[in-house]
Amino acid sequence: HSTDFEVHRNWLAITHNLPLSQWYYEATSEWTLDYPPFFAWFEYALSHIAKYFDPQMLVIQNLNYSSHATIFFQRFSVIFTDILFIYAVRECCRCVNGKRAGKDIMEKPTFILAALLLWNFGLLIVDHIHFQYNGFLFGLMLLSIARLCQKRYLEGAALFAVLLHFKHIYVYVAPAYGIYLLRSYCFTANNTDGSLKWRSFSFLHVTLLGLIVCLVSALSLGPFIVLGQLPQVISRLFPFKRGLCHAYWAPNFWALYNAMDKALTVIGLKYNFLDPTKIPKASMTGGLVQEFQHTVLPSVTPLATLICTLISILPSVFCLWFKPQGPRGFLQCVVLCALSAFMFGWHVHEKAILLAILPLSLLSVQRAKDAGIYLILTTTGHFSLFPLLFTLPELPIKILLMLLFTIYSFSSLKSLFRREKSLLNWLETIYLFQLVPLEIFCEIIFPLSPWKLTLPFVPLLLTSVYCALGITYAWLKLYVSVLTEPVSVRQKAE
């Protein structure tokens, strides 16, 4: 089983056996509780059902406990909580423009969107093979997006506030929510040229939003504030000592940065530009989460990643404010915020790419340009998740599942936009096809080579760096599309 299986079993045990005051201090297992309080209460509720399946799974000292009853309960709990995700997909489909609908139901944008979301390869392997509760959490996110698209702003804001206190990674897209609610709900009208009508500002609407945020935050963090434990909770939620990158580099800018540092180190040693005795022996691909000092390039601090992330998010936020395009503009900003945080964030997990892929699915069935970007991002992002499933029996499963999803994505979107030009140009097509030889090398050729003993990190390095190129390209292409897109007269009026 994956480490996340034990992580959540341990959290069941912690919340079931210990008083609230000890939840964020317990450290018997290395997998300490590091999600916000709402998720801890979610585990607490599950634990009271789990005790009827196997009480031993709720013993804190039973590390790596995995009886058949435990496996069944934890797997079934993920499936059951996906009900919220299914409902959220239904609500999102109701927000999709059906003008492009064909006679065949399988060619309707709503059907294609439902398939792309419900059978998303990344979400399937991360939740149901690896093990997490992302479907439930993305259900909250998609439902909040649907409510904003339906102009039910307070519901959307409340759902997103709750989501942030379930899993704080969603703070990546908080700027998009904040600006969109301010622009569309707190200011109630625009001028004829599309600029903001400042006199339309509603103090009542701002107050209502503020009350929602304060109430949700009080319910979540209030008990820990009373106990004087808020600093401890914050230290668990934001563990900056874990280092710039995860054990497997997420395919982002820092993967390219690390690869460049390693390449310069090799060149420096070969031509005697560097002193071998001063080269640190620690490797960020050794399988451990640790702090790391770069050899040639400047080492990166948490503050530097925060500044880079904020700078990369700003253009999308400015577009949302100065070039409002309704729900589509909001979705574009959500995707760009998620991608920008993924590209430059501190200790980013590879699974965070789903935070951009799922919202982009809603855009992919609306315009051919967005569909092309979606195909690049989803194919590359999903391939980057392959290292999560590293055992031999999982190899054919992950390849077959990804092939099925990828073939459906390409064929359905191509059919939907058959009157448009090709969704991908020849360079983009060649790049995606090169994933095939990369997988053959990493899974078949490399394990049989002598490099496996001397350079065990090479498959992860190649996968991370190659996928980082595609994700960076998709991010830049979407940014160019948003920044250069004109605002129609109808959109200005809205």
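Keep in mind that glycine also has a Cβ here, set from the backbone N, Cα and C atoms.
Taken straight from TrEMBL:
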TRANSMEM  71-89  transmembrane segment
TRANSMEM  110-126  transmembrane segment
TRANSMEM  156-182  transmembrane segment
TRANSMEM  202-227  transmembrane segment
TRANSMEM  303-323  transmembrane segment
TRANSMEM  329-348  transmembrane segment
TRANSMEM  396-417  transmembrane segment
TRANSMEM  429-449  transmembrane segment
TRANSMEM  455-476  transmembrane segment
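If you look at the transmembrane segment (156-182) against the transmembrane segment (429-449), you find fewer than three C-beta pairs under 8 angstroms, all six or more positions apart, and that falls short of contact. Sequence-distant contacts of the transmembrane segment (455-476) (same chain, at least 6 residues past either end, Cβ-Cβ under 8 Å): 248-253, 255-256, 259, 262, 283, 285-286, 336, 339-340, 342-343, 353, 373, 376-377, 379-381, 383-384, 386-387, 428, 431-432, 434-435, 438, 441-443, 446. Away from its own ends, the transmembrane segment (429-449) comes close to residues 375-376, 379-380, 383, 386, 395, 399, 458-459, 462-463, 466, 469-470, 473 of its chain (Cβ-Cβ under 8 Å, at least six residues beyond either end).
Away from its own ends, the transmembrane segment (396-417) comes close to residues 100, 102, 106-107, 109, 112, 115-116, 119-121, 124-125, 129, 364-365, 368, 371, 374-375, 378-379, 382-383, 386, 389, 423, 439 of its chain (Cβ-Cβ under 8 Å, at least six residues beyond either end).
Through the fold, the transmembrane segment (71-89) approaches residues 1, 5, 8-9, 46, 49-50, 53-54, 57, 113-114, 117-118, 127-128, 131-133, 135-136, 138-143, 146 of its own chain, all at least 6 residues removed from its boundaries and within a Cβ separation under 8 Å. With a threshold of 8 Å between CB atoms, the same-chain residues lying at least 6 positions outside the transmembrane segment (110-126) that come near it are 85-86, 89-90, 92-94, 96, 98, 101, 132, 134-135, 138, 142, 351, 353-354, 357-358, 361-362, 364-365, 378, 381-382, 385, 388-389, 398, 401-402, 404-406, 408-409, 412-413, 416.
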